[in-house]
């Protein structure tokens, strides 16, 4: 049977961070650990989770897996030839001897300066409330970024003027440069610094962008925040980065989320935790208590004899997984609260309870004032 995708096994996206990988592994390993989960198949599930984590938590193994999958080299099911086996020349980019001499002399073969290039990627940090992260929302943001000049439409020249042959390189787009090296004086070619390799220069530069072809502006964007995003997660807005060069595509905008903590719940991945204080009578006799969930309030049955530390699990009452893998759970942690102030009647009843339980209570004062009273009374 074919192996499942490691990212699918852990329930994470392919661009998940190390923290997201670790968090997903901890949650799943705790759920399917053979010492905890006795269901059939839990052991195999745990092995699958551990194998996925072993690969994705290691940068080298993860890179190899992303490139080759389960059947590629580096122990994922097959041994194949990899260009990295010739590691002796990797420091020069694997481009052969021309690139070795290019790196040595700082010149040599150059990239085509007129080739199209993708624009730079940008990053924006968005702060969300707990509720916005859980249920999703749409927010408008304002960012400063380079955009194509509206005056010259990215050409760089003043409208109505034309370009002429570069006076520095005579239209070649590159110039000869001589350098002193350990092997003597070497002649190389470099991109023309005046026309940046285009071979042309403006008769008159655009008055708005001064020949750059771009201008820096404040841009408003609408960002749709998906349900279930967590702190430090990010989404990619394709084409919303800086404009490309020479007709290349624009870069992307990455929106990174900072999620404020909830005053009611504690979050761990898709699971949420709620602390519930119960009184001594409620814990001893049992009760039904109304508790909050993400969407409404539900009744929770507290069995008689419940102790501090008891945890109740409400399945699928947690947060929707941002990648669509169901819902997390709501865990209710119980704390039995000891009363700090009792009426005389309540004290009598407590003493009577202790006597019926075969206990002899040596009552102690609760504060300095009570202790002082007992001292002066000679008790």
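Each position is counted from 1, following the chain as shown.
Cβ coordinates come from backbone N, Cα and C, glycine included.
For 149, 152, 206, 209, the entry in Swiss-Prot reads Zn(2+) 1 binding site, with the evidence type sequence analysis. Taken from Swiss-Prot, the feature Zn(2+) 2 binding site covers 166, 169, 192, 195, and the record attributes it to sequence analysis. The annotation domain 'J' is assigned in Swiss-Prot to 5-69. Sequence annotations record features per position, and here Swiss-Prot assigns repeat 'CXXCXGXG motif' to 149-156, 166-173, 192-199, 206-213. The feature zinc finger is assigned by Swiss-Prot to 136-218, with sequence analysis given as support.
Shown on the structure are the features that Swiss-Prot records.
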{"residue": "149", "record": "Zn(2+) 1 binding site", "CB count, 10 Å": "21"}
{"residue": "152", "record": "Zn(2+) 1 binding site", "CB count, 10 Å": "23"}
{"residue": "166", "record": "Zn(2+) 2 binding site", "CB count, 10 Å": "20"}
{"residue": "169", "record": "Zn(2+) 2 binding site", "CB count, 10 Å": "22"}
{"residue": "192", "record": "Zn(2+) 2 binding site", "CB count, 10 Å": "21"}
{"residue": "195", "record": "Zn(2+) 2 binding site", "CB count, 10 Å": "23"}
{"residue": "206", "record": "Zn(2+) 1 binding site", "CB count, 10 Å": "22"}
{"residue": "209", "record": "Zn(2+) 1 binding site", "CB count, 10 Å": "21"}
Compare the C-alpha of residue 209 (Zn(2+) 1 binding site) with the C-alpha of each of the binding-site residues 166, 169, 192, 195, and give the closest one. 195
Outside the repeat 'CXXCXGXG motif' (206-213), at least 6 residues beyond either end, the same-chain residues with a Cβ under 8 Å of its Cβ set are 148-152, 154-159, 243
Could you state the CA-to-CA distance between residue 206 (Zn(2+) 1 binding site) and residue 195 (Zn(2+) 2 binding site) to the nearest Å? 15
Cα-to-Cα gap, residue 149 (Zn(2+) 1 binding site) vs residue 192 (Zn(2+) 2 binding site), nearest whole Å: 24
Residue distribution over DSSP helix, strand and coil in the repeat 'CXXCXGXG motif' (149-156): 0 helix, 0 strand, 8 coil
Pairwise CA distance, residue 169 (Zn(2+) 2 binding site) versus residue 152 (Zn(2+) 1 binding site), rounded so that it is a whole Å: 24
Distance from residue 152 (Zn(2+) 1 binding site) back to residue 166 (Zn(2+) 2 binding site), taken between C-alpha atoms, in Å: 20
Quick one: Cα separation, residue 152 (Zn(2+) 1 binding site) versus residue 192 (Zn(2+) 2 binding site), in Å? 23
Can you see whether DSSP assigns residue 192 (Zn(2+) 2 binding site) to helix, strand or coil? coil
Average model confidence [pLDDT] within the repeat 'CXXCXGXG motif' (166-173): 86
Secondary-structure category, per DSSP, in which residue 206 (Zn(2+) 1 binding site) falls: coil
Under the DSSP assignment, what numbers of helix, strand and coil residues are found in the zinc finger (136-218)? 0 helix, 41 strand, 42 coil
